[in-house]
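Please read the structure below before turning to the comments.
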Amino acid sequence: MEDEAEIYDGIRAQFPLAFGKQQKSQTSLEAIHNATRRSTAGAAASTASNSSNKTNEALPSLSSSSKAWLDSLRNSKSLNPNPNDSVIGPPRPPPGPVPDEDDEDVMVGPPPPPPGSGEDDDNDVMIGPPRPPVGPSSDSEEDEEENRYRIPISNEIVLKGHTKIVSALAIDHSGSRVLSGSFDYTVRMFDFQGMNSRLQSFRQLEPFEGHQVRNLSWSPTSDRFLCVTGSAQAKIYDRDGLTLGEFVKGDMYIRDLKNTKGHVSGLTCGEWHPKTKETILTSSEDGSLRIWDVNDFKSQKQVIKPKLARPGRIPVTTCAWDREGKCIAGGIGDGSIQIWTLKPGWGSRPDIYIEKSHSDDITGLKFSSDGRTLLSRSFDGSLKVWDLRQIKAPLKVFDDLPNNYAQTNIAFSPDEQLFLTGTSVEKESTVGGLLCFYDCSKLELVQRVGISPCSVVQCAWHPRLNQIFATSGDKSQGGTHILYDPALSERGALVCVARAPRKKSVDDFEAPLVIHNPHALPLFRDQPSRKRQREKILKDPVKSHKPELPITGPGHGGRVGSTKGSLLTQYLLKQGGMIKETWMEEDPREAILKYADVAAKDPKFIAPAYAETQPEPVFAKSDSEDEEK
C-alpha cells in the first residue's frame, strides 16, 4: 500500500493542482453567522435606566443606530478623559525598592503583595494575582445587565412570502415547524429541518377565501393546529396542512346565542387547550366565547356569554387560557376583562370582572405561569400588568406603545424574567416597529430592539430554541423575523441557515415524456401536423371565409362608402368621365317608370312563369256612360 501511495504521489506531482476533481469549499459557520448578524445588535439594544430621560434618549431604532453608537463612544471618552490614565490589562505592580544593577537576584513570578496590617496573620495571606482596583464602571454594569437577561438578538433572519402584514404566528412545542398567517388570506408552513438558507415555505394554504387569518394555535401534541379566520367557522388541520374538519356555523336568526350550534359572526381569536388535545376555545364578534370538542364539529360543548352593563351584542376581541387550562380570560369590546374558572356547574357569570380596564378594544391577554399575573394589551397604546388578587388597579401601566392591529399580543421569556410586545408604526413617526422588553419583577423597561420599518404585530420567545419570533409587514409585504444568538440559541434558525441550497446539475434535467400510441382510438390518437395545409387555407379568401373589406368612399354597385373611391380604377374612371353618378339629380319615380314599357313588353321574372296558364284579363265595362244617358 505504501508503494502504491508513493507511486500515486509521484504521478500526481506531474500535474497542476487544479487538475482533476476538486473538493467543494465549505463556508464556515462563523462566516454564515456574520452574514446574518444584525447591524444594530450592539447599538440598537439599549439598557434602560431608572430615569425616564435617559431611557428616552437611548431609544434604539433602525434610524438611530448610528447615533446610539456615537453616544456610546462619547460616553466612554468622557469616562476616561486622559487616555494615558486608562488601565488596560492587569494592574501594574506596586512600587518597591529598586534592585541594584549588580544584584543578580531577579524576581521571577507575580509581585509580592503590598505591605499591610494583616501581613503577620496567616489567615490573611493572599494567594494568586492581586485583585483589580474597585471602581464604578458603567460598561461592566451594562454587560452584567445583558448577561443577566441573555436576550438572543445578535443575529436575524426573515421568513418571507406573504404579500401583506403577517397577523398570526404559531411555533410547535418542539420548535421544528412555524406557521404564519397573513391578511393576504393565506397560511404558510415552514419546516426548519427541511429548509435551506433560501428560507422558503413548504406549503401554502388558503383556509377561507376572502377572509383574513387572525390566529393560529398548535395542539399540545403538535399533531394538529387550529386556524381562526374572519369567517364564523374555525378549521382544524393536521401537521402537514391537510384539512381535518370545520366547525359548524350557527343560525344567525336565533336571538339567544346559547341556542345556536356555533358562532354566527366572524371569529376574533382562538386557542388550543394547553393540556387537553381535544378542547378548543374561540371568541367571536357575535359576543360569545365557545368551548369545542375537536371530535365533534357539529356543535360546541359550552357557550360563555360575558357580563354586560346593558343587553346587547358586544364583540369579544380576544381570549386566552391560563398555563394549566383551568381559567379562561376574555377581552370584551366595552373595555372590560372577564375571567372564568372551569369548575363543576360553572356558568357564564365571571369569577373576576375588571371593569373599564382599557379605554379601547383589547388585543391581547397573557397569564403568567403561576396564574397570579395577567398582562393586557390594547388599542389605546398601553400595556397593563394586573395582579389577579388585587384587581382594583393595575400594578403598572406602560404607555407610548402604539397599536393599530387587533392581533398585537404579549409574550413571556422562557424563565419569565421578561415579557415583550411589539409596536405599530404611526403616520408621522420616524421610528420603525420595535420589540419592547420589560422586567417582570422590577416592572421597568429593559430594552427596545428595532425590528422592521413596518409595524410589529405578533411576537413569541420559544423556550426550547431560545429564539425570538416577531411578525411584521404593511399593505404590500409581510414577514416573520427570527432573532437568535449562535452562542445561546439551539437548532431552529441555526439549522436552516447553515444548510446551503442544492446546486442544479445536468442530471436534474428531465425531458417531457411523449407517449406515442399509433393504434389508439381516434379520440386519443395523435393528429399529424397539418401546418402547411392550414396556412394555405388561410390564404384562400373563399375557404377561410374572409369577409369583404368595407369601402372607405361613396359606394358603387350597391356598396356603401365614405370617400370618392376606394379602388384606383374606380377613381380613374370617375375622373375620366366614364362613370357618371347622376342618381343625386334624378327623380326616383321617373327613374322607375322609365322601365315600365320594357317590363310590359319583355317580362323576365313573374309573367313568363304564368304565360301558358294565365287567363286573359277581363275588365268590367264602365256603367258611367249608361247612367249619364
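Heads up, the Cβ atoms here are built off N, Cα and C, so glycines get one too.
Among the residue ranges 210-230, 294-314, 609-629, the one that TrEMBL annotates as region 'Disordered' is 609-629. Here the repeat 'WD' (159-200) has Cβ contacts under 8 Å with residues 32, 206-218, 220, 222, 225, 227-229, 239, 241, 405, 407, 454-455, 457-460, 462, 464-465, 467, 469, 471-480, 482, 491-493, 495-502 of the same chain, all six or more residues outside its ends. Per-class residue totals from DSSP over the repeat 'WD' (159-200), listed helix then strand then coil: 0 helix, 21 strand, 21 coil.
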